[in-house]
C-alpha cells in the first residue's frame, strides 16, 4: 500500500492560454516561464498522473483581433492555430530539457514537426507515460481553444479539465476591478450559468456540462498551484454537477 496523500486525479487535461507563456515580459515567450512550467508539470508527472495539455496562441495571434485589423476572420483563426503549434514546440523543448517524455499531436498535421491528432494515439501515449500536447485547437476556425480543451478532455476520458488562469479561481466579479469580489470554491454548472460567471468559453462550458466533465479553475502563476490542484480539493474553484 502506498503511504502518504494520493493525487485526486489519474488523468488530467490542462488548458493553458498562450499569454501564460509571456510572463511579465514583452516577448511572446519567456524562457523563464517555460522552465517554471516544466518544473510544475514534472512535479505532477512524478506522482504518476497522466497529463495532456491544450495550449492557446493568444501571445502571437487572436483571430478576432486580426479581424479587427482587416484580416479575414477564417484566415486569422488559422494563423492562431499555427501560433498554438509554435507554443507547443516551445513547451516540448522545455519539457525535454527536464527529461519529460512528450509528444505533440496537432489537429493540423505538419510532417516533420508534429504528428496528426488521433484519439487512440493520444490515449496510447498517455498510457505509456508520455505528456501529450495538443496543438492547433480543433483544426476548425471559429472554435476557441477552450472548446478544444473540453473536446480533447472528453475524448481522452480525462478525470478533469484544469483551466489555468491568472486569478485564483472563479469570482463573483472581476477581482482586478472589484476588490470585494467573492472567490467561489465550488459551483454547479447551473449556478455558474445562472450567475453568468466567466468560467470559460460558453460553448466549451456547456460541452463540459453535457458530458459531465468537471472543471477546476486555478492560478497558474501561483507557485506550486498545479501540484496543489492535483492534491488538494481546496485549490482553485471546482465546477461540476453539484449535489
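Just so it is clear, glycine is given a Cβ too, placed from its N, Cα and C backbone atoms.
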Q) Where Swiss-Prot shows 77, 138, 139, 140, 141, 142, 143, 144, 145 binding UMP, which of 57, 112, 169 is named for the same site? A) 57
Q. Say you check the Cα of residue 171 (ATP binding site) against those of the binding-site residues 57, 138, 140, 142, 144; which is nearest?
A. 144
Q: Inside 10 Å of the Cβ of residue 140 (UMP binding site), count up the other Cβ atoms and send me the figure.
A: 15
Q: Measure the Cβ-based neighbour count of residue 57 (UMP binding site), defined as the other Cβ atoms within 10 Å of its Cβ.
A: 28
Q: Starting from the UMP site formed by 57, 77, 138, 139, 140, 141, 142, 143, 144, 145, give every other residue of that chain whose CB sits within 8 Å of the mean position of their CB atoms, in sequence order.
A: 63, 80, 81, 137, 147, 148
Q) Sequence gap of 6 or more, C-beta under 8 Å: which same-chain residues meet both conditions with respect to residue 138 (UMP binding site)? A) 107, 147, 148, 151
